Structures are given as C-alpha cells and as structure tokens.
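Visitor: Got a structure for you, written out below as structure tokens; questions coming shortly.
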Amino acid sequence: KLPVFYANIVLLNVSNLPFRLQKLKEMFISKFGSAPKFYARAPGRVNLIGEHIDYCGYAVLPMAIEQDILIAVEPVQTQVVQLANTNSSYLDFTTSVNNIQINKTKPQWHNYFLCGLKGIQEHFGLNNPTGMNCLLDGTIPPSSGLSSSSALVCCAGLVTLRANGKTLSKVELAEICTKSERYIGTEGGGMDQSISFLAEEGTAKLIEFSPLRATDVRLPSGATFVIANSCVEMNKAATSHYNIRVMECRLATKLLSKSKGLEWKKMLRLHDVQTKLGVSLEEMLTIVEEVLHPEPYSAEEICKCLGITLEELRSQILSQNMQDVSTFKLHQRAKHVYSEAARVLEFKKICSEAPANALQLLGELMKQSHISCREMYECSCPELDRLVDICLQFGAIGSRLTGAGWGGCTVSMVPTDKLNTFLKNVKKAYYQTDGQRLAVENNSLFATKPGRGALVFVEA
C-alpha cells in the first residue's frame, strides 16, 4: 500500500495555482503574515442508497462530490494551532496542541477540526505535536446531509498527519477519522470518512465494513444524479435523533439475539445477528416480524425481555446521552435496516449486470428506500417528502433523501436528455415559491458526478 501522500499528492506550479487555491493563499498571507506550506482537500459525498445502515455493519453505496473542505496550512514551531475560516460567520479559534478540549454540547466548526487533530495525535502517541496555522475554505452546504462535518474531520486528520511527517494508508486514515468524530458525540458508522478518502473519479463505491473495503460501482449511462437541498438544516451532533436511531438498532440487536439463543451481551450490530445465524436478509426480515412487535418498547419491557434491571440497561447498554429516552421503536428500525441492506446489494448487482431496464430498476429501489426512511426509520421531514414528490413529478426516475435526514438534501436520478427541463421545473416548483429558498437556489440544486478522494497539494 502506498502512503496516502505518495499515492495522492498533487504538485502545483506556483505561477499557475488554480484560482481558488490562489485566493486562499492570498487570504492566508494576509491573515498570518506568511505563506502556507501545503494544502489539503477532503470532499463531501452523496449517498446514492444505503441510509442509516453503516453503523449496523452493512454496506453502503456513496460517491464523492465536487464540493469540499480545503485547508491551507503552515506548520509552526510553537505548539499552538490557530484556525481561521474564509467565511467570517465562523469565528477564529486558537488552542494548545497539548490540551485538546472538544465540547460535545456545542458542535461548533472548530470542534470538528479538533476531532481529526486529536485522532491522529492519539493514534501515534505524539508527545510534542507540531503547531499549525490553518485557513479553511468550504463549499459543502452546512448541515445539508452531504457530509460537511466528516469532510472537515477527514481534512483535519490529513493536515495533522502531513504536518507531523507521518504516513498512513487511506483505509487507516478513514478508520481513525471515523473513531475520532465520535469525540463530538456522533455515533457514526464510517461511510462518510471512508468515501472521503477512498473515492475515485468516475465511479461510485460499494463501501463494506469489518474489514473496511471499497469496490467500484460503475453507474449506468443515460442518467445524471441531481442533488437538491431542502434548505432545512440538520446537524447530527446538535440533536438526539441520530443517536437514538443508533441505540434503537443496538437494542433490536440485543432482543433478536436473545430470542435466538445467541450471546446477546456481546452483540452490538444487526449485521452480527445475521452473520451468527447464517441466514439471508430476507430471512432476517421474517425473524423481525416474528420476534419484535410494532408497538414502541418501554425501557421496562426491554429489561424484562433481556432479564436485566433498569440500572443495568442504563449503565451497560444505553449511552450517556440516551438515559432519559423512555420508548424505543425496534421493529421498524430493524425492518428498515435489513430491507435497506438488501436494496444496496440489488443496486450494485443491477449496475454490474446493466440490463436494458437498469434505470427503471434502480429508480424503483431509490423510491423504496425513501418510503422506508420516511415510514420505518422516520428520518424524513415534510420538506424532504415534498421535494422528492416534486422531483418525481418532473421526470426523476428515482428520488430519495440522502444523508442523516430530518432535513438536508435529496438525490434524484434523472434522464440526461431531460436534465435541463428537470432543473428548471424543480427550481420553479420548490425554490421560487419561497423567499428564503429563492435566495440560495443557485447553490441548492445541481447535477453531480463521482469525484476524487482526499489529497494534499504542494507547490512545486
């Protein structure tokens, strides 16, 4: 394996720096009084299918997008990190590299940088880490479900690695950044960080876990994927929605395992149950119907099913921020996960075999995915549902929410020959009927294609 720097380094001619980098360099010099020594970039992503199943152990199917986090960096002799942002609404931040404090109660932008910084420091046990001046520029809409937070964590990890003269493989970097983002309280599964590092231009990826690996998925010709922002912001770390779903899946894992005589105390993910039983996803759906009832479970009922006390549930299973949650929907969450995992595999199979009606088949899977997210996982919102309906009305073959949900974006598959008409009609129907949406429409609706993963730029 080549270290990420040697495999993915770009040398830039000083006299021909791309415009955005040149502008970032000029702002850096104005801010810090000296020039950056290198730049790092990490892309956002759009998940085509496979929502809320990575933390359950199942494969997902995302691709990197053009929008990204870009950081200009100058290593310094003092053990201080100074962070600044080209967007003046994000305040400057300074801290000692030997005293990293991450505030889980306030998911501010600099805390995501600190996650990546701390993850690399702890991995290598750095006693005297290098200080840095950093200027960040981001083009991923914040809280939009396109992985702006994880891209920042990944970019910060890459920056820290480079500044301290260390090397890692892309897979190792992805795994470290997945773990380090949990410092801010988000119990993510690893999709965002994995695609940010492992993406390649021109292909989506099937991302599998345990062990982490990525397989090329060639998307069918004749269709374009379009991202549309609902303009409802949702920050995973700022609400409990996301972590409650993680916990509901964990509890469903425990109850399913106990019902089948497995060592339920050791079981954490729904994928583990399927693996231990050696059955298909379809058979797991049957088991869910047999074992779990659709009515919400109280904490007391879960304790009775598992034969434990309420104190044991809270101290041994529930995370610290879940102590006050009183009811859990286990049947619906497990049903979504197993059916969505099957849709991901079917999506990849269709892309590989490329039947004549591939676009229609893929579109149907996307529609099914959104229905399941809306009804079984309850991670949609009225604006997302309306946007999906509008996209389907104006020619999308398939459309669904993408990312955590509760706001953020939809992704739609549109016949390429109908793209311009589609964009025009969706703009008129969703954005131009609302003053706030109209103000941001140019950055809220765009066609996309698979982009490249994280990399470092050094001036030649």
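Cβ atoms are placed via backbone N, Cα and C, with glycine included.
TrEMBL entries are annotated by machine, without manual review.
What TrEMBL shows for this protein is this:
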| type | residues | note |
| --- | --- | --- |
| DOMAIN | 27-75 | domain 'Galactokinase N-terminal' |
| DOMAIN | 111-198 | domain 'GHMP kinase N-terminal' |
| DOMAIN | 356-431 | domain 'GHMP kinase C-terminal' |
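Buried or exposed, and what's around them? Tell me for each listed feature.
Guide: Across the domain 'Galactokinase N-terminal' (27-75), mean pLDDT in this model comes to 96.
With helix defined as DSSP H, G or I and strand as E or B, the domain 'GHMP kinase N-terminal' (111-198) counts 53 helix, 8 strand, 27 coil.
When DSSP labels each residue, the domain 'GHMP kinase C-terminal' (356-431) comes out as 46 helix, 12 strand, 18 coil, counted as helix, strand and coil in that order.
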